[in-house]
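Participant: Could you have a look at this structure, given as structure tokens, before my questions?
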Amino acid sequence: MSLRAKTCPQRREMASATSGPGRCVSKGGLGRRPPLARVRVAVRLRPFMDGETEAKELPCVRAIDSCSLEVANWKKYQETLKYQFDAFYGEKSTQQEVYVGSVQPILRHLLEGQNASVLAYGPTGAGKTHTMLGSPEQPGVIPRALMDLLQLAREESAEGRPWDVSVAMSYLEIYQEKVLDLLDPASGDLVIREDCRGNILIPGLTQKPITSFSDFEQHFLPASRNRAVGATRLNQRSSRSHAVLLVKVDQRERLTPFRQREGKLYLIDLAGSEDNRRTGNQGIRLKESGAINTSLFVLGKVVDALNQGLPRIPYRDSKLTRLLQDSLGGSAHSILIANIAPERRFYQDTISALNFTARSKEVINRPFTNESLQPHALAPVKLSQKELLGPSEAKKAKGPEEESTGSPESTAAPASASQKLSLLQKLSNMDPAMLENLLSMERLLGSQGSQGTPLLNTPKRERMVLMKTVEEKNLEIERLKMKQKELEAKVLAQEAPDPREKENTPTILQPPASYSGTVAKPLKKAVVMPLQRIQKQRESSNQIQLLKKGPKRKLEPSPESEAVEKDEDYWEVQISPELLAHGRKKLLDLLNEGSARELRSLQRIGQKKAQLIVGWRELHGPFSEVEDLEQVEGISGKQVESFLKANLLSLAASQHSGPS
């Protein structure tokens, strides 16, 4: 069965309706805030299924105008319930009217890099699948939208136009909370993901490129036969799953700045809600009906949460709402077509569908343009081997004739040499592929009139001059370092103590360069200090000393042979007894008089131990010595020993460095 039969006149009519200024791609809006777009809703009333029912009873729905309808109130028969929507299509409306009035206007947003979605909603047997698919004589929304979209893509990709447009399709169904690929039924259950920008995607979903309507039919018709359908009391071909046709429109700009746009069109045929008491579902049909009703119930919860402005929207409660996250409250231009039946036996289903549709029109979406720049738009340019070599490698690669050659002009660096030096040093060790991209970008900027420094295009002789300047600066830095070391040696010689005073003062040994202790390293520049500060340092050296204890053997690996033993000096910090006694007294005073907060400032004392110390002190009085902490329940002797090591030196040093 072909979807194209008897549609050629309508196709020409739609193509002429979409041509003109209304189809132009929007040039602005990239830097502005995305405008708000309300979900547009339309209601379609199908005719009676047979003439006998139409002759026996009146319809429970009556049209008021092209946007309003009224339904009999089952509570009060003398009153009616009135509803107003964006569009209302009566039982005599055609597929062409529904498509042109509600669906066709949103197709232009796809060429602007925005998303759009069309949802068919309603109870079972209300005509949703007929609205979306139709028949060969009356094609529905899906074939009409694909014909127009492919026509727009061909016009936009014509020779001389700035954009190259491609179209691809995917087709899936949600059956019993499983996402199944209708183009590849053997792929199994797929997962729904969300990227860093909040876009919903399905990894592993088959994507088929299409260039004509024949390509679309070739993929779509066999895939439609894979959709789950079944017979119930109310519908002989009831859809047992939600079907989603995803059409992706990619646009690539042919000229600079080589922008790329991506628009997606979701065409969704929802399964209808069912009352199992009337459908007589049993077994697998009952299980399918439960999954359908659950997903539609979550869909209603999502709409209510969006209307109430709740902080959490339950998109993840079902696969359907997760997939529709972009269509409801997301970034898509959405159209909801609610299908209802005129028979009185469908009255409750009709009221439920109309109430859901009325709530859905309050949902606000925020469409935006999905636009990016192509990172690989520039053609790579290969560099020669000499251009990729750094300064040292270039010098080694030069022959003796090249080294000896030179001219007076080559010794003069350009005025902007200081700006090029650091950049050339970075470029010399850069990845070759990145260098190719940089060179391509530089040539592009040069063609646009850029005044940047052409580092990679500098002549060979000028680059040699710059490298020579870099080497001269490195030699000058080495000379400055040697001069600094000489100045440091002179300062240390002036500060050396008199040999006659050596017998009366303790020797202070400097640790070797390999010693990694807590002693601060000497400054590497000459500093003139006042006499009072030097005197304080000499007095402090009598309190804390770093003594050499003797050689200590250490095994070190050798590159030529096995491990070799090496003697290293062993150092030990020695503190004067007076300073230790003062620190111990200060620590004991803090244990006896400090509050719990002050005790927590000590090392190895937390909230629990501080409370234990305060409680023990209240029961037994003050501590006579610091070692009495062992008597506190929960504090062992090892903990007291580590407590002393952690706090004695810091308290003594703080007291010693404080004001006298």
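The backbone N, Cα and C atoms fix where each Cβ goes, glycine too.
Here Swiss-Prot flags Gly122, Pro123, Thr124, Gly125, Ala126, Gly127, Lys128, Thr129 as ATP binding site. Residues annotated as coiled coil in Swiss-Prot: 460-505. The feature compositional bias 'Low complexity' is assigned by Swiss-Prot to 405-418. Taken from Swiss-Prot, the feature region 'Disordered' covers 1-31, 391-418, 493-516, 534-567.
Set these features in their place in the structure for me.
Facilitator: Using a 10 Å Cβ-Cβ cutoff, Ala126 (ATP binding site) registers 27 neighbours.
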Participant: Write out, in the order they occur in the sequence, the residues of the chain not among Gly122, Pro123, Thr124, Gly125, Ala126, Gly127, Lys128, Thr129 that have a C-beta within 8 Å of the mean position of the C-beta atoms of the recorded ATP site.
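Facilitator: These residues sit around the ATP site: Arg46, Asn235, Gly272, Asn339, Ala341.
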Participant: Across the coiled coil (460-505), what does the mean pLDDT come to, as a whole number?
Facilitator: 76
Participant: Give the number of CB atoms, excluding that of Gly125 (ATP binding site) itself, located within 10 Å of its CB.
Facilitator: 23
Participant: Among the binding-site residues Gly122, Pro123, Gly127, which residue has the largest number of other Cβ atoms within 10 Å of its own Cβ?
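Facilitator: Result of the Cβ crowding comparison: Gly122.
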Participant: Just jot down the residues in the same chain as Thr129 (ATP binding site), at least 6 apart in sequence, with C-beta under 8 A of its C-beta; none if empty.
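Facilitator: Long-range Cβ contacts: Ala120, Arg237, Ser239, Asp269.
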Participant: Near the Cβ of Lys128 (ATP binding site), how many other Cβ atoms are there if near means within 10 Å?
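Facilitator: Result for Lys128 (ATP binding site): 27 neighbouring Cβ atoms inside 10 Å.
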